[in-house]
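Colleague: My structure is below; once you've seen it, I'll send some questions.
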Amino acid sequence: MKKDKKNNNSSSSSKPTTTTTTTTTSPSSSTLRKRHVTGINILEQLPLSYFICLLVRLIIGISSIGYIHPDEYFQSPEITASDIFNFDTFRAWEYDPTNPCRSIIVPMINSAIPYFTFKKGTIIIRDFNGYTLFVMPRLFAVFSSVLLDYYVCLLCRHYRLSFQKALSVLSSCWLIIIFHSRTFSNTIESLTVATLLTIVLLQDGKGYKYIENLALHGIHNRLTHLFASLPLMIGPLIIVLTIEIISIIRNYNSNSNSKSNQPTTNNNNNNNNNNSNNNSESGNGSSEQTVNMNGDYLLPWSVRLTIVGVIMSGLFFLSLAPHQEARFLLPIFFPCVLVCFRYFYMPTKRSKYLVIVWILFNMLATIFYGFIHQAGVVPSLIHLQGRISNNNVNNSISSSSSSPHFVDIDPNQKLNIIYFHTYMAPRHLLGIGADQKDRIKVYDVSGDFSKLSTLMDSFNDNSHTIVLTPNKKILYEQFRHKTCQLVDSFWPHITTEDLPDSLYNLRLFLLSCHEI
């Protein structure tokens, strides 16, 4: 009997040996097959809401005429259009060739590439107007913004979180719909910080060799890039020391209190859940099912420490800067989504209210900054470009005319274009060639009426002057030997520094001024 027991024990002990050999070979091949299938079918796992938001991002990106800040034009397309098309443009002081303070690489990427492609394509298409000059960099920016979506998928799948839910929050935010469809240097900074963060978190400490080059590129774009990326450069050392200290404390507590080994089991549980091989062997479903079953939307604490460090570092150092703008915080948008998207899916009433507030706020911000704020400047430039080139631009945003008159531009007459109480007009949308820069001049007088009056009086008798302003009261002002007539208007348009007195006057008015 003892021998039988020994034989049984030996046979039972031999069976696990064979099963372990099979499990060490088959899961690896099945894991490879699963990864291959997952890579192919990742589009099938994306929610319908994401594709809707992506379509909205594309449509709004190429049709939103709102004007957020002059930097979206004067830090990129206004610079490269001069070099590629030989247009007469306004080169900002940051890109002065004699003493530049910013690298030309970023404008060459986000606007020169689409412009150069467009220039070569016009040989075949032969359709050159202000709208195409406006939309080509926008398309490039929208396609580049998909990198953020891709990074969210990579990180969430790596840490077994619901990338579908994170994508829904990311793609529905007005920041990616509006700001990431513009050629701001802040947009490139946001992409660079997101790339750095993704490399650090995915490589588990092995990707730090790429940080130096990416950080150097980001600093050449904007010096503030250093603020958000600082934890990604010095953070690894701090995190390693923190982990070691906490591990020592946990081991000490575990040894001193033998009744509870909870800290050790939590640590092991965290490591096992993050091991893709263990998850595939257990036969669990998709990562989303695992998340929903466990009710856990949290990243590992060391990962959260890194992401929160990026957010807090960016907030702290940018708060010390004397010049503050909301778009400076764009680089921390991506890390905020990673740590905050879980609050939208908690089984509480607060989460439901948060979703409602989120949808309403993003809709209002998209409409205001995408289609109302300074929204008459770009259509007026496209309209004037069509008149200057004797090619009427027939598109939905070229003009919202409330007058049967049209502005007639004599090609042999000097033309003065003045923008009053608006943002600076990007000259490249007018397509003024080097041979026309002495005949066509664009002036920006901000909101200084005395400067406007002095400028109007300085023009000679043979010139044609066009004034674009949100204030119709200029019609009643007296200028020396000049009279102005309302010719056209562009709706909607709002200048917060010069609010209209009625909804009807929510326009940018085009006035044509001639000698009496």
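Just so you know, glycine gets a Cβ as well, placed from its N, Cα and C.
Because the structure is a prediction, the values reported are computed rather than measured.
Pasting the feature list from TrEMBL:
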type	residues	note
REGION	1-31	region 'Disordered'
COMPBIAS	8-31	compositional bias 'Low complexity'
TRANSMEM	48-68	transmembrane segment
TRANSMEM	135-154	transmembrane segment
TRANSMEM	166-182	transmembrane segment
TRANSMEM	226-249	transmembrane segment
COMPBIAS	257-287	compositional bias 'Low complexity'
REGION	257-288	region 'Disordered'
TRANSMEM	301-321	transmembrane segment
TRANSMEM	328-345	transmembrane segment
TRANSMEM	351-372	transmembrane segment
Colleague: Please indicate, using numbers and ranges, the residues of the same chain that are 6 or more beyond the transmembrane segment (301-321) and have a C-beta under 8 Å from a C-beta there.
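Modeller: Result: 159, 193, 197, 200-201, 224, 226-232, 235, 238-239, 242-243, 328-329, 331-332, 335-336, 338-339.
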Colleague: By Cβ distance under 8 Å, which residues at least 6 away from the ends of the transmembrane segment (48-68) in the same chain are close to it?
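Modeller: Same-chain residues near the transmembrane segment (48-68) but 6 or more away: 135, 138-139, 141-142, 145-146, 149, 164, 167-168, 171-172, 176-182, 327, 366, 368-379, 396-397, 423.
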Colleague: Counting a contact as 3 or more Cβ pairs under 8 Å, with residues at least 6 apart in sequence, do the transmembrane segment (351-372) and the transmembrane segment (135-154) touch?
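Modeller: No; fewer than 3 Cβ pairs under 8 Å.
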Colleague: Residue list, the transmembrane segment (328-345) vs rest of chain: Cβ under 8 Å, 6 or more residues beyond ends.
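Modeller: For the transmembrane segment (328-345), the list is 148, 151-152, 155, 162, 165-166, 168-170, 173, 175-176, 179, 184, 186-187, 189-190, 192-194, 197, 224-225, 228, 297-299, 304, 307-308, 310-311, 314-315, 318, 321, 351, 354-355, 358.
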